[in-house]
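Asks: From TrEMBL, for reference:
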DOMAIN    15-302  domain 'Sugar phosphate transporter'
TRANSMEM  12-30  transmembrane segment
TRANSMEM  42-67  transmembrane segment
TRANSMEM  79-97  transmembrane segment
TRANSMEM  103-128  transmembrane segment
TRANSMEM  135-154  transmembrane segment
TRANSMEM  160-184  transmembrane segment
TRANSMEM  196-215  transmembrane segment
TRANSMEM  227-251  transmembrane segment
TRANSMEM  285-302  transmembrane segment
Amino acid sequence: AISDGILKKILLSYAYVALWIFLSFTVIVYNKYILDKKLYDWPFPISLTMIHMAFCSSLAFALVRVFKLVEPVALTRSAYLSSVLPIGALYSLSLWLSNSAYIYLSVSFIQMLKALMPVAVYSIGILFKKDSYKPATMSNMMAITVGVAIAAYGEAKYDSWGVILQLGAVAFEATRLVMIQILLTSKGINLNPITSLYYVAPSCLAFLSIPWLFVELPLLRRQHSRFHFDLLIFGTNSFCAFALNLAVFLLVGKTSALTMNVAGVVKDWLLIAFSWSVIKDTVTPVNLFGYGLAFLGVGYYNHSKLQALKAGEAQRKVLDDDEEALKLLSEKEGDGAA
């Protein structure tokens, strides 16, 4: 029998997972719709990312400073420059490149390439000495890489530039995740999504403004009559991006990062099915075979992490029990001596 408290916790966990999948799904498809030349035809990824960051910065500022719903984290100028600013730079590059890839690649193929994220995080973790090299784990990473390579070989609308952009986005995002551990977590700086956007989004906006001035602003000036800016579309798109950040916080905070990884696999399959059935992207059998192999590798990696977490919790429980037993023994010896 399951108690009401446990049942409620399970249902809430599924609700957080469903909310995150829905918002992540919506943002990805919405961005594809805006950027694709065959759909909305507004191919300016830097501008779109800057709109997102400006919206998130403004809303986060209002929640922190105006409505005071969230307490800002005390950060010194040196901590901001040495810790938050590098993460903002990596985040801006990751978002810029990932949004740019939607112009050249299908949604389904982009999700297949994103399966390389564990490989990138593990490799960069070894490089920065946050992870140790293990032959079994590296073999797992190689299996994922081979699967993605097969999926790329079977891609019907392969575009080399689009692949380079998406791989660059994966590399920068993986570096950002490792840097969060090194620059923030290790220093005891914990940022929730609101404070994270409050500090990081303005720096992203500043970094993105540099390439925007040279790459997209001249195009917008020359072809301003061709492209139209719909406030409703960009407003709702930005709000979905902001809501996704909150959903990430809820999912990771109320469950775990591992749950988000597993939910991400489900989301990827849903996006591939949606891309094939609704957007009419071509998904070949070789695509599916390669991604299936990568999927098994990612699944095994998540399973290994789960087993390691369980072993760590069991070890901590044994140590706590031993400590409690020693404490009781010392108290008894003290009573006997008295």
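Glycine is no exception: its Cβ is also placed from the backbone N, Cα and C atoms.
Source: prediction; values computed, not measured.
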Asks: Between the stretches 42-67, 103-128, 135-154, 227-251, 285-302, which wins on the count of C-beta pairs under 8 angstroms to the transmembrane segment (79-97)?
Replies: 42-67
Asks: Near the transmembrane segment (103-128), which same-chain residues lie under 8 Å Cβ to Cβ, leaving out any that are not at least 6 residues past its ends?
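Replies: Sequence-remote neighbours of the transmembrane segment (103-128) are 28-29, 32, 35-37, 43, 45, 137-138, 141, 144-145, 147-148, 151-152, 155, 157-159, 161-163, 165-167, 170-171, 173-175, 177-178, 182, 261, 268, 271-272, 274-276, 279, 281-283, 287, 290-291, 294-295, 297-298, 301.
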Asks: State the residues, same chain only, that lie 6 or more residues beyond the ends of the transmembrane segment (196-215) and have a CB under 8 A from a CB inside it; answer 'none' if no residue qualifies.
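Replies: Sequence-distant neighbours of the transmembrane segment (196-215): 46-47, 49-50, 53-54, 56-57, 59-61, 63-64, 70, 72-73, 75, 80, 84-85, 87-89, 91-93, 95-96, 242, 245.
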Asks: Per the definition of 3+ C-beta pairs under 8 A with sequence separation of 6 or more, do the transmembrane segment (285-302) and the transmembrane segment (42-67) touch?
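Replies: Contact between the transmembrane segment (42-67) and the transmembrane segment (285-302): absent, because fewer than 3 Cβ pairs are under 8 Å.
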Asks: What else in the chain is close to the transmembrane segment (160-184), if you only count residues 6 or more beyond its ends and a Cβ gap under 8 Å?
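Replies: Sequence-remote neighbours of the transmembrane segment (160-184) are 82-84, 86-87, 90-91, 93-98, 100-101, 103-105, 110, 113-114, 116-117, 120-121, 123-125, 128, 130, 152, 190-191.
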